[in-house]
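Below is one structure, written out as structure tokens; comments come after it.
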Amino acid sequence: IFINVKCSSPQQCLKPCKAAFGISAGGKCINGKCKCYP
């Protein structure tokens, strides 16, 4: 699930993904945007 957070590294997506989907969520940075894996 893509969220509206810009990124340049996967680490930048972990906090917003966990905030949106819970502590077990993961995240990747794809094409400059965060993609979360709930």
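Cβ atoms are placed via backbone N, Cα and C, with glycine included.
Taken from Swiss-Prot, the feature disulfide bond covers CYS7-CYS29, CYS13-CYS34, CYS17-CYS36. Residues or ranges marked as site 'Basic residue of the functional dyad' by Swiss-Prot on the basis of similarity to another entry: LYS28. If you look up Swiss-Prot, you'll see TYR37 marked as site 'Aromatic residue of the functional dyad'.
On the structure: features taken from Swiss-Prot.
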residue	record	DSSP class
CYS7	disulfide bond	coil
CYS13	disulfide bond	helix
LYS28	site 'Basic residue of the functional dyad'	strand
CYS34	disulfide bond	strand
Cβ neighbours of TYR37 (site 'Aromatic residue of the functional dyad') where a neighbour is any other Cβ within 10 Å
12
Relative to the Cβ position of LYS28 (site 'Basic residue of the functional dyad'), how many further Cβ atoms are located within 10 Å?
15
Which one is closest to LYS28 (site 'Basic residue of the functional dyad') in space, judged by CA to CA distance, out of the recorded positions CYS17, CYS34, TYR37?
CYS34
Same-chain residues six or more away whose CB lies under 8 A from the CB of CYS13 (disulfide bond)?
VAL5, CYS7, GLY27, LYS28, CYS29, CYS34, LYS35, CYS36
Same-chain residues six or more away whose CB lies under 8 A from the CB of CYS17 (disulfide bond)?
ILE3, ALA25, GLY26, GLY27, CYS34, CYS36, TYR37, PRO38
Rank the disulfide-bonded residues CYS7, CYS29, CYS34, CYS36 by the number of other Cβ atoms within 10 Å of each Cβ, and give the residue at the low end.
CYS29
